[in-house]
Amino acid sequence: MFGTATRDNATRVLLLGSGELGKEVAIECQRLGLEVIACDRYADAPAMQVAHRSHVFDMLDADALQQVIDLEKPHFVVPEIEAIATSKLVELEAQGLNVVPTANATRLTMNREGIRRLAAEELGLPTSAYQFADSYESFAAAVETIGLPCVCKPVMSSSGKGQSVIRTPEQIEAAWQYAQQGGRSGAGRVIVEGFVDFDYEITLLTVRAVDGVHFCAPIGHRQEDGDYRESWQPQVMSENAIKAAEYVAEQVVNALGGYGLFGVELFVKGDKVIFNEVSPRPHDTGMVTLISQELSEFALHVRAFTGLPIGQIVQYGPSASAAILGQGQSQNIQFNGLDDALSIPHTQVRLFGKPDIAGRRRLGVALSRGKTTQEATDRAIECAKAVKIHY
């Protein structure tokens, strides 16, 4: 039973993180009459613009997080980012707080070490070779053990921050320093991963709901500087590869538990899949589902965590998304070229409403459909390029 937003009987959803993904979750909550409270470390974040109320605080501050939860008394706490005081969520969940999908899932996936050890060591799933290091000396030793080339990442970061590929011994020290600068909560532990030989990588959006585990069509994507540039759905895969991907994804989401949508990242080589990472929430590459599916990843997430059935996931056909990236300094961002962008057949644009930019930032996404995923991707890229950003 749902109450009515703004009334005493409201069903309240507290978003921890209010970026573009949180904004779409907030909109889907609004469609079900839920009361939305959006939180982030800065004011006027995208989800705050479509929420009933908002709070600005450092979500790594356990005391501040406790205060907001005590004030709002949410029925659902929905993390959108990794940088949260997850130990506090675990503590509060034990007292009856409903954390989506679970506090333990949020804790394990907030850094790469927890989820990698779960997948490889507890579940026995295929992953790249890896070692962890928390000093330069142990890092250099890990690189020697794994061998070159290898990948270095902070255990806690997103959007490619702090990630680099080490190809020569001369790059080792610089990779360590870069990882220390790129961690979400400051300098600290890193993972060194062996290079994976793969044909392509996918995101398999997997929904754990009251009526079972459901899979969206696989999403292919292209990364640059550790961040997604384009994604498309469906990614063509062999039947055996799809079965292997669904098996790995189901093992992971069942181990994490709870209800919600998970973005399971996998490398694919022929019929074989290798687990990479998982987000217990909507995924940036999944923004393509805003145009490719009857129910977007955001609608699926909200349905799942509120205990509603998913039923059949309907995919409309070849579709794609392309990030609209800004590079500059401004607190008064403006856009034009939308008339040109939207004159391209079967395209849509989402501008996120981010209040400022300092460097590189994703400010929107272009969406398109086509007869093939290549046609859809080409249209999405053309659409994104047509949007001009003024700083």
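Even glycines carry a Cβ here, placed using N, Cα and C.
Model, not experiment: these values are computed from the prediction.
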N(1)-(5-phospho-beta-D-ribosyl)glycinamide binding, same site as E20, L21, E80, K354, R361, R362 - Swiss-Prot member from D58, D61, D134, D284: D284
E80 (N(1)-(5-phospho-beta-D-ribosyl)glycinamide binding site): tally of other CB atoms within 10 A of its CB: 27
List of residues, in chain order, with Cβ under 8 A from that of E201 (ATP binding site) and at least 6 apart: G220, H221, Q223, E265, L266, F267, V268, N276
Cα distance (Å, whole number) from R362 (N(1)-(5-phospho-beta-D-ribosyl)glycinamide binding site) to G162 (ATP binding site): 17
Cβ neighbour count (within 10 Å, all chains shown) around E193 (ATP binding site): 22
DSSP three-state assignment for E277 (Mg(2+) binding site): strand
